[in-house]
Amino acid sequence: MSDFYWLTIIVVLPISAGSLIALLPHRGNKVVRWYTICICLFELLLTTYVFCYHFQLDDPLIQLEEDFNWINLFDFHWRLGIDGLSIGPILLTGFITTLATSAARPVTRNSRLFHFLMLAMYSGQIGLFSSRDLLLFFIMWELELIPVYLLLSMWGGKKRLYSATKFILYTAGGSIFLLMGVLGMGLYGSNEPKLNFETLANQSYPVALEIIFYFGFLIAYAVKSPIIPLHTWLPDTHGEAHYSTCMLLAGILLKMGAYGLVRINMELLPHAHSIFSPWLMIVGTIQIIYAASTSLGQRNLKKRIAYSSVSHMGFIIIGISSITDAGLNGAILQIISHGFIGAALFFLAGTSYDRIRLRYLNEMGGIAILMPRIFTMFSSFSMASLALPGMSGFVAELVIFLGIITSPKYLVVSKILITFVMAIGMILTPIYSLSMSRQMFYGYRLFNVPNSYFVDSGPREIFILICILLPIIGIGIYPDFVLSLSVDKVEAILSNYFHG
């Protein structure tokens with residue numbers, strides 16, 4: 001137990017401060033926007049302070065633990081704690097949410113509700129990454145759904161209600177399996193529920209039951225991550241959502257599924273994970289090729305970027321299913337890396353749409369001359385997406401490759417085959433990425449359009465993009481900055497597989 005309730009403050013602060021937005025003076029949106037940005041900044045600085053001064057990197061155990069008895073009736077606790085696995089996603093959440101809030105400047109309709117929902121999402125995400133209780137994990141998982149649904153259905157495009165309904169049906173359907181898994185694991189073997197992660201990690205199950213639990217959790221994470229074939233909500237959602245919502249979806253929401261896969265399926269159900277991992281490896285490999293090929297055929301700019309996100313999630317799945325130090329560390333690095341790259345690409349797609357009012361790539365062309373700053377930044381992030389050496393994506397994918405090659409679990413032939421197919425996926429990535437840049441920025445098509453409203457990126461947008469670009473290059477040059485956070489925890493998780 002920590003001396004001071006740092007994590008509770010970090011989790012509760014955004015939603016508590018968000019509920020005070022209603023008390024702000026009715027003088028336009030500026031006050032609300034700056035208030036929200038200040039809350040996000042303060043939260044990010046507080047989180048960074050706590051991690052710098054109250055967290056030991058070389059300790060793989062849970063730190064800053066807090067445990068309050070919440071509901072006596074069935075022994076439900078408010079149980080929080082962080083380790084090397086959760087520290088990266090929490091800092092990523094703070095960083096991306098702060099930038100997404102400042103990106104939401106064009107939102108003027110119902111801006112109070114919009115900013116409150118963003119802060120509510122912030123609390124839910126940090127709560128999920130720091131929860132140490134299975135039921136609390138589920139509650140935080142569900143807390144995300146309502147803000148995202150409202151952000152989609154109220155501030156989306158023309159088909160926003162369709163995409164919002166599709167999102168809620170998919171994710172709520174997945175959550176049913178998550179709840180069944182939570183209750184099954186919590187109630188197994190006794191009348192008293194056992195929901196503490198530490199207790200559950202030492203619990204053994206019959207193999208058949210463990211597989212059922214694993215499969216239930218896997219479906220919930222497959223929807224959120226997404227893993228094919230449960231990915232079809234994602235392109236529609238990204239295609240219609242406002243770009244600040246897209247930044248949160250691509251940067252953080254998709255990473256919750258991958259985090260859950262490591263935190264619950266790998267850590268609490270190691271035998272089932274060992275059985276499922278070859279199948280996950282096959283699905284991840286197919287996903288890289290399928291999503292990259294499908295992305296190439298998309299006319300809608302945001303849908304093309306959405307499919308590229310699905311393709312990149314394939315690398316994370318492969319890293320997790322390799323069951324090696326390098327593979328799992330690479331997957332965690334890819335979670336952080338793609339959080340930055342995905343958020344930046346959706347922000348650029350949204351700001352471009354604000355100016356040219358065109359969604360489809362075949363209607364665009366020649367923007368490079370009219371908007372050189374947007375062209376430069378888009379090219380930079382496209383290069384980051386296709387894993388250019390010196391940027392974070394390259395290191396993450398390289399470490400995942402190393403993880404597969406060194407994995408003792410798989411035969412040499414299967415490792416060569418998987419590596420070969422992944423390499424084809426890495427060749428397809430620059431094809432759809434560079435063809436997207438070519439269709440948008442080169443040619444002469446838009447010179448015929450009256451271009452009085454073609455204004456290049458302003459200082460605010462350039463600032464947001466540079467804030468995202470710097471960590472991408474920083475991680476690419478010195479990946480140990482992120483890897484050092486998780487390396488001890490990864491060893492602790494994998495000890496279940498080699499000594500358990």
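Backbone N, Cα and C define each Cβ position, glycine as well.
Noted in Swiss-Prot for the protein shown:
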| type | residues | note |
| --- | --- | --- |
| TRANSMEM | 4-24 | transmembrane segment |
| TRANSMEM | 37-57 | transmembrane segment |
| TRANSMEM | 80-100 | transmembrane segment |
| TRANSMEM | 113-130 | transmembrane segment |
| TRANSMEM | 134-154 | transmembrane segment |
| TRANSMEM | 167-187 | transmembrane segment |
| TRANSMEM | 242-262 | transmembrane segment |
| TRANSMEM | 272-292 | transmembrane segment |
| TRANSMEM | 305-325 | transmembrane segment |
| TRANSMEM | 386-406 | transmembrane segment |
| TRANSMEM | 416-436 | transmembrane segment |
| TRANSMEM | 462-482 | transmembrane segment |
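Among the stretches 80-100, 113-130, 167-187, 305-325, 416-436, the one making the largest number of Cβ pairs under 8 Å with the transmembrane segment (242-262) is 80-100. Remark: the transmembrane segment (4-24) contacts the transmembrane segment (113-130), by the rule of 3 or more CB pairs under 8 A. Listed by sequence, the residues of this chain that lie at least six past the ends of the transmembrane segment (272-292) yet keep a Cβ under 8 A from its Cβ atoms are 207, 210-211, 213-215, 218, 227-228, 231, 265-266, 307-308, 310-311, 313-318, 320-323, 409-410, 414, 418, 421-422, 424-425, 428-429, 431-432, 497. Cβ atoms under 8 Å from those of the transmembrane segment (416-436) belong to residues 281, 285, 288-289, 292-293, 295-296, 301, 304-305, 307-308, 311, 314-315, 318, 361, 382, 385-387, 397, 401, 404-405, 410 of the same chain, restricted to positions at least 6 beyond its ends. Outside the transmembrane segment (386-406) by six or more residues, the chain places 312, 315, 318-319, 322, 324-331, 333-334, 336-338, 340-341, 415, 418-419, 422, 426, 429-430, 433-434, 471-473, 475-477, 479, 483 with a CB less than 8 A from a CB of the stretch.
Cβ atoms under 8 Å from those of the transmembrane segment (113-130) belong to residues 7, 10-15, 17-19, 21-22, 32-33, 35-36, 39-40, 43, 47, 80-82, 86, 89-90, 93-94, 97, 100-101, 104, 107, 136-137, 139-141, 143-144, 146-148, 150-151, 154-155, 244, 248, 252-253, 256, 259 of the same chain, restricted to positions at least 6 beyond its ends.
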